[in-house]
């Protein structure tokens, strides 16, 4: 880059920084002016020496008027919203739209719990965060946006991951809880704490193109009271096996899908807050959203509280003390989902070791089997690699076991997906298996060896440790990270 180009680049950088600073100042001025107007209105009311003529500020009538004229809300509903205290656990794909609409609706106090920082991979779906806030704590990024949207509400940041020892104290300051998290252990913790402290809970989840929504512990009743709403344990007495739990990072998520579920959480929260106290809440239901189905929504009626529930039945064993002390171990209850070493060190090779061993060699290239699903393989792939999705491998293995297929000598029959070069009993060329993170590839190696493709130890069948994430770090910095 020559001197003129450097000057241009420097000027562009300075202009961008100045424009960003100007935008920040404009936002600060707007918030200050709105706060000044509210302060002026409050001062005028106090100076009058009498009670306010109207329960809301002039600006609040203008701001919330369009929803106050809806019969289901009205002025009483708006006053309930203004006095409500709502806690949102998780400031991600669910928490962002939920917080956005609750703040817009005029909820008086919004608390946000999250210990994560904003990453670029969040931005396609977590709509409160902006590019310039990458690296900033999510709760601070979200509250920054919410204050611009509605300076009349109070926002409380809990800059931490929800932990059992802190959950009861945090929850006690709020009227309603929203579960916007994405892992089973935290879901059970949130539900247990909400039930024990008598807080209604709006819970949602989303993955790929589908989502689920429930309103739990509504109405909130003491343990043993059958008229209370069911809790998360009533619906799911046993957590799913840890190895079946898929995160958005692994399974993917369409932004509007998780956005839809977050908006529905906000809607259900508003319904709970503004409900007539003399009206019985609707029966508990599980609402299932599927973006590529017709109809989009299905509703399943849920049972009432389970008679033997560990939290909300008369025989409850979970208490505030067991939660706070750690006696109720949620990690143990749900199991861990961390990566496992299924193979011995001799059956694994790092990307750097692979490159050193086989790069620029005149001998035949080893076979690389990429076990990512085709949709990921189409994003990026190694030259001359073979795509055999892990789902195909596992499905054929299950089918072979059920059919008892085998050759005359007892060796399992080879599935049709095995490449001819790999299937050949004459070949001893090494076979390496790779995936995104280095977990599925280990499973695939075990299956290949069960099929006898390692020729009784004569052929190397190994996993590339750490998958393509490690490949990017050790071999190819330009490898797409998704």
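Each residue, glycine too, has its Cβ placed from N, Cα and C.
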Listed co-binder of ATP (same site as 93, 121, 122, 123, 124, 125, 138, 182, 183, source Swiss-Prot) among 114, 175: 114
Distance, residue 231 (Zn(2+) binding site) to residue 121 (ATP binding site) (CA atoms, angstrom): 32
Length of the line joining the Cα atoms of residue 93 (ATP binding site) and residue 248 (active site, glycyl thioester intermediate), in Å: 10
Rounded distance in angstrom between the Cα atoms of residue 309 (Zn(2+) binding site) and residue 182 (ATP binding site): 23
Residue from 123, 231, 435 whose C-alpha is spatially nearest that of residue 248 (active site, glycyl thioester intermediate), among the recorded positions: 123
Intrachain C-beta neighbours of residue 123 (ATP binding site), sequence separation six or more, cut-off 8 angstroms: 129, 130, 131, 134
Number of other Cβ atoms within 10 Å of the Cβ of residue 248 (active site, glycyl thioester intermediate) across all protein chains: 18
Residue 121 (ATP binding site): tally of other CB atoms within 10 A of its CB: 13
Nearest of the recorded positions (125, 182, 435) to residue 312 (Zn(2+) binding site) - Cα to Cα: 182
